[in-house]
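Trainee: Sharing a structure with you now.
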C-alpha cells in the first residue's frame, strides 16, 4: 500500500462514520512508519505503524479512490473497495439526484423521500426497453428489463428480490417493477405506441397494489406506508411472453397491529379510509363515527398522514376491489366485518377481583355481533371463559381481566388475518384461474419482503423477519460466490477458493430439531406453556457448544436471549412469543363465528379451513416414517412461517435471481438528506459490504483488452503501439500489447490475470494504474511545456534584439526628417499669414457692398408686393360678388326642375302599379307574358334614363359646391399672405413703422370685410350641402323603388323561363310517347325518365361546376324556336337516360374506379424542375366529383352512398399501406385530392342550403334527404382528411425516427472536431459509423417540400407538417442524447450544433424562420456541452443560456458530461451545487411542496393524434371543372360518363345561349 505525502484516504469518525483526509507527512524511523494525516475538518491525526498494509494494522487509514471514480455507477469498479469508498460513492451519487447505484449484481436504491415520478414515466420505460444492463444509467427498470429478457431468451423463470428496512422504499420499487412488466410488452410490439391502453389482466395485476396496501400497510415511525407483511408476486407469462395472470403469496402479516399501535403510528390504512370515504348513510348503517372513538385506532394519536387524502385512497381501493372481481355487495359485507372489528375493540370488560365479566347487552358488543351475524351471548361468554378438553370431559373456567382482553383481541386478530387471506385467495382466483394456470409458460417473481430489523425491544415479529433475512442472505452470498466463480471459469483464469462468512450456524440455531423454533412449538403446544419456561429451555439447550457461538443470554435478566445474525447481534424479549406463536382463537369463539348468518364471514372461514387442510396434507407428505401419531396437532404460526419460507427459498433457488437493496437515507424522512451512520448500518445489514468483500477476495476489477489498451497504452513507449492504428490490427495484437504494458509496469504477477476476453485485477490495482497514468501525463505535459516555452522565449529574445536595432536606425532618420520638416513649415506659415490677411480684408469689403445691395432690393420688393396685393384683393372681391349673385337663380331653377321630375316619376309609378295588377291577371298566357316582358324592358330603360338625369344634376351641384369651397380657400390664402407680409415689414423696415401702421390699418379693415364675406359664403355652402343631402335621400328612395320594380320584372322572367322549359319538356314527352305507341314499345323502358328530368333542374349547375345564373327572357318571333327546343330537350333526355344506366350499375363502376383509378394510377413525378397543373394532380378527385354530382342530379342517392363508402375506404387503405419511398409522394398526393373532394362537398352543401334555384323540382322529403346526405358526406370527408393526415404524419415520424438520431446525434460532419466513437485500435472490427447523415435528413425534408408544393397542397398545411416534424426531431434526439453515457463532450456539442444549424438554414431558405424555435432544446444542449463548467459563475451562465431546458435536464446533461483526458474533471462541489439548485428551483416552482423532479427529464414526444390543419383554412373555390382523364388510364365506363356529362353541359350551355 502507498501512503506517500498527498495521498487521499479515509479515517474513522464517530459523527460521520468516515471522514476524508490527506497524508501531509510520512517518516520512517526505527522500522516504524509515522504518518501525519490532516482531516477535512482541519484536525491533525498522527499514526505510528510497523507496516503499511491496512489489512494487518487497523489503525492505518483506508485509501481513497481517484476523484474520477468516486461517483461511479458500479461500486465494483472502484479501485479501493472498502467501506468508506462504498459509502462515499452512494452519497456522491445521491447528492447529484441519482438514487440508483450498482454493486455488482445488486442494485442499491436510496429513497429520495421526494416525488420522482419522472423516473418511472412511460418515456423512461421506453428508454430502458430492449437495452442491456450497463448501456444506460443504473435504474430499477434496468433490472426489470434484464429479468424480462433472460426469461424471454433463456426460457428461465426469474425472481427479483426487493429488500430493505421499513421506509427504504421497497413497496414503491416493487410497484414500479410491476408497472414496467405491464408496459414493456407494448413497447416491444411492432408499430405499438407507449400510450396504448393496458390489457384487462395487466390492469388487474396493478390493481392488487392499492388493495394490498390498504389491508396490509400502515403508518409507522419510520415509514408512512410501511408493509406489515411479506409478499411474493408471480407475474405469469404464456408461450408468447404475454402477461396472462399473476399469483400472490403473503408472509407473516403483523396481526398485533390491529389491536395495538405505538405512539405516532396508525392501524392498517383501510380503517381510516373507511371512516373518510363512506357516506354518512353508510356510516350510520355501520354505526361508525370518528377515529378518536375507537380503541383500535386512537392509541397512536396520529389519525392523518401528511399529504394523503384517505377519502381519495378509499375510492382507489374500492375501484381496485371492483377491478379484481369483488362486487359492491361483497365489498359492503367486508366493510361490515371491518366495522365490527372496530366495535369489538371498544367492548368494555368489567374487572373483578379474580375474574372478568361481560354482559351480552354491552352496546359495542351488540353492534359487533349484529354486523357479524353471530350470537352475542355466546360470543360474550367465550371472551370471559375458557374451555379445556380432556379425554373424558370438558372443563370451563373463568378468565381474569387481562386474559379476557387477550381473548377479545385474539378473536379480532383472527378475523382480520382470515379476511386478509381471503382477499389474497380471491385475487389469486381471479388472476390465476384454471384456464390461466394451464397456459403458464414462465413467470417473473417480485419479492417485497421486510429487511433486517432491530429495535430497543425486539419480539416474535422481528425474530421471524430476521430469520427470513438470514435465509435470503445465505442464498445471496451463495449466488454471488457462484457468479464470481462462473466468471473465472468462463475466462479460464487461475483462481483459488474465496472464503466468505457463512451464516449456516445461525440458520441451524433457528431451524434444527432442538433449535429455537422447535423449542418454541413444543412449549406452545403445552397448555401451561409460558415465555419464562421456554426461555429456560433455550438457555439449557443452546447456550453451550456449538450453538453458543451464535446464541447467548444477556448479562442481566432472564427474559431475553441474543442471536448473532449476519448483520449484528440482536437481543429478543421473550414476552409474548408463546401467545403470538400459538395464534389461536378459542374453540368456543370459532363455533360462534361458524354459526354466523353473514355469508361473507362464512366464506372467509371456509378459505381459512381450506388453507389449514392443505398445510396438514403437506405436513403429512413431508412427515418422516415412524410410529403413527394419535393426534393431529394444529400448526403454529412459527411452523407455518418456516414452511412457507422453505417453499419460498425453493422457488427462488429454481429461478434466476436479481437483487434490489433499498436504503433509507435518514430517519426523519427529509428529502435528499443523507445520514452516513444510518446508511452505513443498512449497508452492513443488507449484505452489500459482504458482497464487496467477496469480490475483493478475488478480482473485483475487470476490463476488456480493448478498453485497457485505449486507456493505458501511453504507459509504454510509442514504438510498441504506434503500429496498432493500422487497419490490419487483430485481437491477438491487442492482447500482446496488453501483456507488454502489464509486464512493463506491474511487477507482481499475482495482481492480475489475463482471461479470454477480459483482464482481471486485484483490489487497488486500478488506482495504481491511474496514478502511473496521471504521472505519465503530468511528466509529458511538463516536458512539452518546457520545449514549447524554450522555443517561445528564444523567438521572443531574437525579436527584441531585432526590434532594438530597427529602433536605432529609425530614430535617427526620424530626427533628421523632423528638422527639415520644421524649416519647410516655417516658410509655409509666413506665406499663409500673408494670404489670410489679404483674404480677410477682401471679404469684409465684399460683405459691405453686398449688404447695401440687399437692403435696396428688399425695399423695392416690399413696394412691389404691396401693389400686387391690392390688385389681387380687388379681383377676388369682384369674383366673389359675381358667383354669389349667380347662385340664387341657378338654385331656383334646379329646384323647379327636380320637383317636376319627381312628380313625373310618381305619376309614372302609379300607372306602373296599375299596369302591374293587370299584368298579374294576364300572367297565365304565355304570349301575353312576352308582350309584358317587352313593355317592362322599355319601362326599365325609361327609368334608367331618368336616373341618369338625376345623377347628372347631382354632379352639377357637387361641382358648384367645389367652386365655392375653392373661393373660400383663396380668401384663407389671402389672410395668410397678409400675415406673412406683416412679419416681414416688422423685421426689415422698422424705421418706417409709423407710415406703415396707417396702411396696415386700412388693409386690416379690408381683411375684416373679407372675413365677413367668407362667413356668409360658408353659411350659404352649408345650406347647399343640406339641400344636397335631401336630394340624395330622394334619389335613394327612387333607386329603391326602381330596384323593387326590377326584382318584380326578374320574377316574371324566371316564371316565364320555367313555364317555357315545362312546356318544352311536356311537348317532347308527348312526342316520345306518341312515337313509342306507334312503334309498339312498352312503357316500362322509360320509367326512369320523369325522375331524371325532375332531378335535372336541381343539380345541373353542380354537374358543370358553375354557379346558377338568371337569364333574361326576350320575346322572339322566330317560327323555328319550338322545333329547336324539342330537339334540345330530346338530346338532354337521351344523355340522361344513358348516364342513368351507367351510374345505376354501381358494381361495375365501383370496380373500375377502385381498381383502375385509385389502385392503378401513377403518381405524377415531382422535383425542382417539375411544374404540374391542378388538372394533372387533382384528376382523381375531379373524376369522382363529376360522377358524384351526376348521381345526385339523376336522383341516385343510395347508389352514391355505397359508391362513396367504397372510395373512402379504399383511399384510407392506400394511405395506411404506404411504405418506403412511396410514402411521401403518395401521402401528399392523396392529401390534396381528399381536400379537393371535401371542398366540393362543402360547396354542394352551401349551394343546396343557400340557393333556392338548386331545389326546384324537389319536394320536402327529397330536400331533407339531400341535405342529410351532403351533411353526412361532409363529416365523412372531414374524418377521412383527419385520418389520412394523421396516418401520413405518423408514417413520416416513424421513417424520420430511423434516421434522425443517427444523422443529428451520431453523425460528425464537421471536420477537425471528430470525437472518437470507439477505440482507435481495431478500426475494422470495432468501428461504428452512423448509418444516416444530415444530407439524408435534408433530403427527407426536401422531398416533403417539393411533393406538397408540386401537388398544390396549401402553404399553411406544409408549415404545420414541417413544424410538427421538427419538434419531433428535437424531442427524440434530445431524449436519446440525455440518456447517453460516455458520449457527451465538447466536440459532440460542436457537431450537434453544426447539424442542427443545417436544419435551421434549411428552414430559413424555405421561408420557415419559426423552425428555429422547434429546435431550441437541441441547440441549447449543444451549447451547454461547449460551455465551461469549472466554477459557479460558469454554471450561472449555462442557466441563462439554456432557458428552454428544465433544471433537471441541465443537471442531467452536466452529470453525464464525459471529461476528456486533457480536460479538468468537473469538481464534485460544482455537481452538488447544480443538484442543489435543481432542488431549490423545483421547490420554489411547486409552492413549497417537495417536488424536486416535478418535471420529466424527457421531452414530450408528440406522436398524435394531430389536429388537421385543413380545418383552420378556407376550403378551395370551385369554378368550372375541366374533365380530364389521362390517356394511360383504362377506364371505359368512367370515360363514357365524363363524355356524356360534357355533352350534357354543352347542350345546356347552348340552350342558355338561345
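Count begins at 1; order follows the chain as displayed.
From the backbone N, Cα and C atoms, a Cβ is placed for every residue, glycine too.
Values in this document were obtained by computation on a predicted structure and should not be read as measured data.
So Swiss-Prot lists these for the protein:
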BINDING   164, 165, 166, 167, 168, 169, 170, 171  ATP binding site
COMPBIAS  1098-1109  compositional bias 'Polar residues'
DOMAIN    4-57  domain 'Myosin N-terminal SH3-like'
REGION    443-523  region 'Actin-binding'
REGION    1080-1554  region 'Non alpha-helical, tail domain'
REGION    1082-1109  region 'Disordered'
Trainee: May I have the DSSP-based helix, strand and coil counts for the residues of the domain 'Myosin N-terminal SH3-like' (4-57)?
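Mentor: DSSP composition of the domain 'Myosin N-terminal SH3-like' (4-57): 0 helix, 33 strand, 21 coil.
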Trainee: So if I draw a 10 Å sphere around the Cβ of residue 170 (ATP binding site), how many other Cβ atoms end up inside it?
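Mentor: That number is 29.
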Trainee: Cβ atoms within 10 Å, counted per site: which of 166, 171 has the most, among these binding-site residues?
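Mentor: The most densely surrounded of these binding-site residues is 171.
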Trainee: From the centroid of the CB atoms of 164, 165, 166, 167, 168, 169, 170, 171, the recorded ATP site, which same-chain residues not already listed sit within 8 A by their CB, in sequence order?
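Mentor: Along the chain, the qualifying residues are 111, 223, 226, 227, 451, 662, 664.
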Trainee: If you run through the region 'Actin-binding' (443-523) with DSSP, how many residues end up as helix, strand and coil?
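Mentor: Summed over the region 'Actin-binding' (443-523), the classes give 48 helix, 7 strand, 26 coil.
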Trainee: So what's the average pLDDT for the region 'Non alpha-helical, tail domain' (1080-1554)?
Mentor: 78
Trainee: So how many other Cβ atoms are close to residue 164 (ATP binding site), meaning within 10 Å of its Cβ?
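Mentor: Its Cβ has 27 other Cβ atoms within 10 Å.
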Trainee: Under a criterion of Cβ-Cβ distance under 8 Å and sequence separation of at least 6, what residues of the same chain contact residue 168 (ATP binding site)?
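Mentor: Result: 109, 111, 451, 662, 663, 664, 682.
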Trainee: Sort residue 165 (ATP binding site) into helix, strand or coil using the DSSP assignment.
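Mentor: It is coil.
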Trainee: Using all protein chains in view, find how many other C-beta atoms are within 10 Å of the C-beta of residue 165 (ATP binding site).
Mentor: 23
Trainee: Neighbour count, 10 Å Cβ-Cβ cut-off, for residue 167 (ATP binding site): what number do you get?
Mentor: 23
Trainee: If one looks at the chain holding residue 169 (ATP binding site), which residues at least 6 apart in sequence have a CB under 8 angstroms from its CB?
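Mentor: Result: 109, 111, 662, 664.
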Trainee: In which DSSP state, out of helix, strand and coil, do we find residue 170 (ATP binding site)?
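Mentor: DSSP call for residue 170 (ATP binding site): helix.
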